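Asks: What TrEMBL records for A:23-185 is domain 'FAD/NAD(P)-binding'. Taken from TrEMBL, the feature FAD binding site covers A:Leu61, A:Leu97, A:Trp393, A:Gly400, A:Ile401, A:Ile402. If you look up TrEMBL, you'll see A:Gln169, A:Gly170, A:Asn171, A:Val172, A:Arg213, A:Arg214, A:Glu225, A:Gly400 marked as NADP(+) binding site.
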Amino acid sequence: MASFGKFRWISRRFTAHPSAPLRICVVGSGPGGFYTAEKILKAHEKVEVDVIDRLPTPFGLVRSGVAPDHPETKIVTNQFSRVAQNERCSFFGNVCLGSSVTLPELREMYNAVVLAYGAESDRCLGIPGEELAGIYAAREFVWWYNGHPDCRNLDPDLKSTDTAVIFGQGNVALDVARILLRPTAELARTDIASHALAALEESSIRKVYLVGRRGPVQAACTAKELREVLGIKDLHIHIQPADLVTTPADEIEMKNNRIRKRVYELLSKAVTPAHAPYPGERELHFVFFHKPDKFLESNDRSGHLGGVQLEKTILKAFVGDDELVKQVAVGTGVYAEISCGLSLKSIGYKSIAIDGLPFDSDKGIVPNVGGRVLADASKDHMQYDTGLYVCGWLKRGPTGIIGTNLYCAEETLACISDDVDKGILTSNSPKPGRDGLLQLLDSRNTRVVTFDAWEKIDTEEKRRGNLKNRPREKLTTWEELLKVASE
Amino acid sequence: MFFSRFYRMGAHTIKSLVQAPTLTPRTSYLPVVHNQYLQVLRHELFSSTTAKLESEDGNEEKEKINVTFVEKDGEETHIKVPVGMSMLEAAHENDIDLEGACEGSLACSTCHVIVMDVDQYNKLPDPTDEENDMLDLAFGLTETSRLGCQIIAKPELDGLRLAIPAATRNFAVDGFKPKPH
């Protein structure tokens, strides 16, 4: 048995209800996965839920996405831990769908499978020069500073340039801008990965540009994140006053959307800084109405980013399907350049398809209706893939906050409950569920990390953090994570 | 450090909260103080709460108000809430299904409640910018929406009725469209 936190599960076999319980597997242990698990357990007294994750650590983007200086946002892991400790729930980390176990195998072993593995890839700009060194997806940069083991060695060069250009003006863009600009003494009190803290302490980046195709009314961030970045110590904010002039279409957009209105108001107030810039002060430039045209190679360093060329845009308004005013940016043929040695693309995450799963590559989601996976979306009649569900970003696309998953999970649960009531998920012979899964993983020498084993990682991270007056010091390599889990 | 102390105490605190049958002033339940602005705000909130509770410690019975929660299925639960306690805490002590992802630290909008009576809504102190930032993201926002963690029981609020918004089946792909507030 290669399982860590051994045999905790075995005792449960004998307490099973005489009529075999339904067994459901949730793939992915982020907010989408854990909220779904929680809701299934609450709604169905006899159902057993196993949550698997490809990482040895649970909680998905709460661990590797939420910024280190947002500890309050991570408090939700307390709730997810209580779910994992429910006697009808198990967590199995270091189990990768596709390589450790295939989707058909999971569906054979469980009455239902809920896919909630999120979005682990990125949209690309598709412009010349995108392959130059010094250009990263914001996701990679976020994973790097959050200690995700897959980006441990990203090693972005923060020392050869004083300027970073970020494409996108959503909350992820604001997060990465804040991490680049915030005094490192403040970051040193967070759970930011130690390698990232060290690199940021030596960073020469003084200027960050946040580039958006559209205007301040359309900026995709929320007021909270904006307020925070505007409040960074010793930071000079640059916004062109002319960009804040609104059109009637802008006014309609703001009237229809409270967030847009409040974000615009915050930006308007920030246009006149409290003081004149002083030498050495860091700068944050909001660049509106510009779209990326191409990345420019450095003259000094071959193959490395030297700048970006932007095209000025104007907005064209139209009325969308939902009868709301929408405005799209169109190019004007007027170009501008910004010299920079680092660029982060924060233009959206993208889910990854797996074998045997219907996938809509345009939208980057699994085709579904309310969380029920559609076997074939192209046909006129909708046919569901029985017993297969989705939740979270894989279902909706990569937008929304942690709480959005609550409602998303509720909707997916409604589909599952419906199918349970109809008897669709009941099998003639009991499904092997977690016993079957663990046997299979054992036969493949997969070293399963149980929740107990994760708690060893958790304890060790907190212990190391405590020594440095930090909430935790994350373990950031696969080797270390698996080693501590098996101690 | 506040940060690390909170982290170490977190889980323990929550357990003790769940088990504790009566209200005691709980310093550790205070949200993680993160920005200066909030620090001032919370300090005030907390100080006044403490003062009230301490002054009442001599009394046999703490002053309580009647609150009704209308849950997602329309079922009404009537509870008594000690003055000074937040509606989030009160809901959890009474097994009412109100989410509280950030445990009252003003970092999420999951404890969103709708104050059913406008007059009572008007008796509440105005939401701070920080609460409004979170309400921006609340599902099914209304003109009398508040965060449960920010409504603190006081005598004038006796008879308060709070609805927990239900998620609808036609969940939009892009989340939701908040109404103008």
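Cβ from N, Cα, C; glycine included.
Computed from a predicted structure; not experimentally measured.
Buried or exposed, and what's around them? Tell me for each listed feature.
Replies: Over the domain 'FAD/NAD(P)-binding' (A:23-185) the predicted model carries a mean pLDDT of 97.
When Cβ atoms from all protein chains are considered, those within 10 Å of A:Gly400 (FAD binding site) total 20, not counting its own. For the recorded site, A:Gly400 (FAD binding site), the DSSP three-state label reads coil.
For A:Asn171 (NADP(+) binding site), the same-chain residues 6+ apart in sequence whose C-beta sits under 8 angstroms from its C-beta are A:Ala220, A:Cys221, A:Thr222, A:Glu225.
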Asks: Which of the binding-site residues A:Gln169, A:Gly170, A:Arg213 has its Cα nearest to the Cα of A:Leu61 (FAD binding site)?
Replies: A:Gly170
Asks: Provide, as an integer number of angstrom, the distance between the C-alpha atoms of A:Leu97 (FAD binding site) and A:Val172 (NADP(+) binding site).
Replies: 27
Asks: Using a Cβ-Cβ cut-off below 8 Å, which of the binding-site residues A:Arg214, A:Gly400, A:Ile401 are near chain B?
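Replies: The answer, in sequence order, is A:Gly400, A:Ile401.
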Asks: Among all chains shown, work out which of the binding-site residues A:Leu61, A:Leu97, A:Val172, A:Ile401 has the most CB atoms within 10 A of its CB.
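Replies: Answer by Cβ density within 10 Å: A:Val172.
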Asks: Find the shortest Cα-Cα separation between A:Arg213 (NADP(+) binding site) and the binding-site residues A:Trp393, A:Gly400, A:Ile401, A:Ile402, and name the residue that gives it.
Replies: A:Gly400
Asks: Reduce the DSSP letter at A:Leu97 (FAD binding site) to three states and note it down.
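Replies: Reduced to three states, the DSSP call for A:Leu97 (FAD binding site) is strand.
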Asks: Give me the non-local Cβ neighbours of A:Ile402 (FAD binding site): same chain, 6+ apart in sequence, Cβ-Cβ under 8 Å, ordered along the sequence.
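Replies: Listed in sequence order: A:Pro31, A:Val62, A:Val66, A:Thr73, A:Val76.
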Asks: Could you give the Cα-Cα distance between A:Arg214 (NADP(+) binding site) and A:Ile401 (FAD binding site), in whole Å?
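Replies: About 22 Å separate the Cα atoms of these two residues.
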Asks: Are there any residues at least 6 positions away along the chain from A:Trp393 (FAD binding site) with a Cβ closer than 8 Å to its Cβ? List them or say none.
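Replies: In sequence order, the residues whose Cβ lies under 8 Å from that of A:Trp393 (FAD binding site) (at least 6 apart) are A:Gly32, A:Gly118, A:Ala119, A:Tyr349, A:Ser351, A:Ile365, A:Thr399.
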